């Protein structure tokens, strides 16, 4: 049996079935942890089917592992799934991070484990659903669904008394723009009669969605704002620090970046190509400001999680800058950096979580001179830091380099100027990360933490961290392996969309792709 | 079977069951269990549902000299009302046990109320509608004050009665004026009479008065002020019933009167509906934000939901009726479910009232808590629940009709609404403090109530995941009213027969 045509459904159903199973099993001993670990591992193995069977020679803009079934007749909603170069690695990344999330929650989540792991798995269902849906309605359903488990995770497992407020803030911040997004989607549907992304992209390319320019602009803003809040793009990041500070480590790892950035690339760019290009100068400016602002604020934080939150804002801003240059390098770099954000920030948050588990504080002033006591910890911290600040040979470099190249390649002077500003962010990021290392691990032992007897990184934690380190190295050294798929998507998104005339389209795409690959090497 | 009997078969069955319950009640010993009466009422409701199902095959049935019209539209609302009554009865069997010796009356009143509501949905004669409205209203007035010993119960009942009779008077006045303007109280005759009426202003005033009367029944702003107080004082299962079934019936009437009776005035009444919808959504949601009492909060939420439903009236007739039908069904399922769970948690003497009282429910009663969360998520409109698809359908109809701004107002409102639902949801899953003891005396949930809640949950889930069947039924219902309208128009004046042709093509 060929499972290519069912694999995406399997990817949604496995964690869903796992969640239902965990909800029904008794909450005894470590049953929940092992159960969740098994489910997430199975899901991860299933996601590996995608790169294994991915057809790199497929036409850009086409989808693979497609499933397209009728779901609801009227309005015409279909169960339409598929992945392309843009979403494939994101799906794998989602699968990859989940077992690590279970490993780091192993002991930190002491009671109500059943609730935690059920919600955690539901969150995964929603995320995979978002990445693979090609029907706008189905996509929106998963998009909204992803809010609920995360909100409950923050509200119930947050670390301070502020958790309920943070959870509701997060929910409202994302739900209200999403409600407007729904209006935009319904408007598009009322104009075109379809929710299918490929069809909508073609209609958009042929300028057939609507001739009412003002309405198109409003609709495109409805899309973009909803996604930008989720990313978050400066200045829509109000929810970010509260949510990151409160959320448990496993939830934080999936909180930032991916969903919003993917949605911009997938939906804003395809359905509103013209509007996206017109608004690019603004977005690039916001991206560049976000990079510098995030890094500057991170520089003065005393709380490690706050530092990580503002750092994350800076990193997603890099992606925003890259994708809105509409150059191949910029978009490729943006997608690459999105993956990096998942890996690098994931590792960083895990390490912070481990530190917190041992000392019960995120305040940097309580730390100091830990390097001698925790040699493994400092090693892993430093590797992660180097990845985050973009040292060559590690993954962070590739994404950052491509984005900045894309910015410089841009034919628009405005873009180049902002990119110059953004480049200073590289230095600032290095400053706050290295300063953080210095304050936590070097210098004099701090009296608050010096006498606490703690173990170094345990076997379970090693297990959660080394895969991430390995991927960092692999993504840093063998970037062409990953870029092969990403580049097809990047090339497709960077070019001006043309009304579909298939044979002609193929002949123009193919040479560009090879040229792009050369450029990225 | 004579068409007159066939057309009113569900109502007849319910009336019979109600009368039997009433007669059997005095025969039972005082203090003995009233459960058999409850089961009798349930059996009657199931039979009535089966009768409605049986009616579908006959297409459109006209009876009682054209005052009653049973079509897919009325059958759909019969289903909604019947199912709500069923869930309510299942939830109240154990609720009244040992607390009220007069529980038999309650079961009979529920059945009589259902008769009135069902009658409203299948009448095309405004006087018949009025009769149905009165039957259902009087039953609910009494049920509101069912806990005779409590001051809030009496307050609830009297408030509802006074304001309710006032509203029905408005309705009756509207009926009288429409008779004056068009010479008839039959909906189709009114539609026909409107084209030649010499007093269009009078006709429109009549419609406005009818809207006030029915707006009160569906608790649409600005006629909503009674809702929170009445809901707070009435027993929880009654609130579950009266926040869904009479509203469904009133909306059915409203749909028939506006789209079938006054179609030529749509450009005018659509503005009224626009305003009422926007007001209800905003007032309902902002009001709910202030509440600490769960029942009051749900009362305001029901005002907001009436507003969402009214959005459908601003759409094209076919879309609008179908969307309204679907929304009524989903709203009924999730709201009656939520109240069924609240009934179980609060109990007869309302142990748990405020949101804080629900703290820690997730740990003490994981399944009840999960179900309540599910209903709340559906009320928010989270995907894969009926609430999401209902909202989606209503707003997509409105946008299709060009009312983008109303949709924006509505969906922004649904964002505000999240806040208060989430507050309850967060409380449910918060660890209880030591002082919280209200949930400690929670009784075990009985089998009938569990079945009732389960039914509501299954309906809510099914309407969200596999809505195709329900959507096509709603569209069929919408179609059936509009085609009948076309047919009547053709019979009255053959010139305008294009309408019918148009529908035949569908």
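Each Cβ is built from the backbone N, Cα and C atoms, and glycine gets one as well.
According to TrEMBL:
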TRANSMEM  B:6-24  transmembrane segment
TRANSMEM  B:36-56  transmembrane segment
TRANSMEM  B:76-96  transmembrane segment
DOMAIN    B:124-414  domain 'NADH:quinone oxidoreductase/Mrp antiporter transmembrane'
TRANSMEM  B:158-181  transmembrane segment
TRANSMEM  B:201-226  transmembrane segment
TRANSMEM  B:238-259  transmembrane segment
TRANSMEM  B:271-290  transmembrane segment
TRANSMEM  B:297-315  transmembrane segment
TRANSMEM  B:321-346  transmembrane segment
TRANSMEM  B:367-384  transmembrane segment
TRANSMEM  B:404-424  transmembrane segment
TRANSMEM  B:445-466  transmembrane segment
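Pairs of Cβ atoms less than 8 Å apart link the transmembrane segment (B:404-424) most often to B:297-315, out of B:158-181, B:201-226, B:297-315. Long-range Cβ contacts of the transmembrane segment (B:201-226) within its own chain (Cβ-Cβ under 8 Å, at least 6 residues beyond either end) map to 126, 133, 137, 159-160, 163-164, 166-178, 180-182, 194, 246-247, 250-251, 253-254, 257-258, 262, 265, 268-269, 272, 276-277, 279-280, 282-284, 299, 302-303, 306-307, 309-310.
Residues 73-74, 77, 80-81, 84-85, 87-88, 91, 110, 113-114, 116-118, 120-121, 123-124, 126, 129, 132-133, 136-137, 140, 143-144, 146, 187, 207, 210-211, 214, 217-219, 231, 266, 269, 273, 295, 298-299, 302, 306, 309, 313, 317, 320-321, 324-325, 328, 331-332, 335-336, 338-340, 342-343, 481-482, 485 of the same chain sit 6 or more residues outside the transmembrane segment (B:238-259) yet have a Cβ under 8 Å from a Cβ within it.
Here the transmembrane segment (B:445-466) touches the transmembrane segment (B:76-96). Their Cβ atoms form 3 or more pairs under 8 Å, with each pair 6 or more residues apart. Remote same-chain residues near the transmembrane segment (B:297-315) are listed as 218-221, 224, 227-228, 230-232, 239, 243, 247, 251, 254-255, 258, 269-270, 273-274, 276-285, 287-288, 291, 321, 323-324, 327-328, 331, 335, 338-339, 342, 355, 379, 390-391, 394-395, 397-398, 400-401, 403, 406-407, 410, 413-414, 417, 420-421, 424 (criterion: CB distance under 8 Å, separation of at least six residues from the stretch ends).
The list of residues near the transmembrane segment (B:6-24) in space but at least 6 beyond its ends in sequence, with Cβ under 8 angstroms from a Cβ of it, reads 36-37, 40-41, 43-45, 47-49, 51-52, 54-55, 58, 61-64, 68, 70, 78, 82, 104-105, 107-108, 111-112, 114-115, 118-119, 122.
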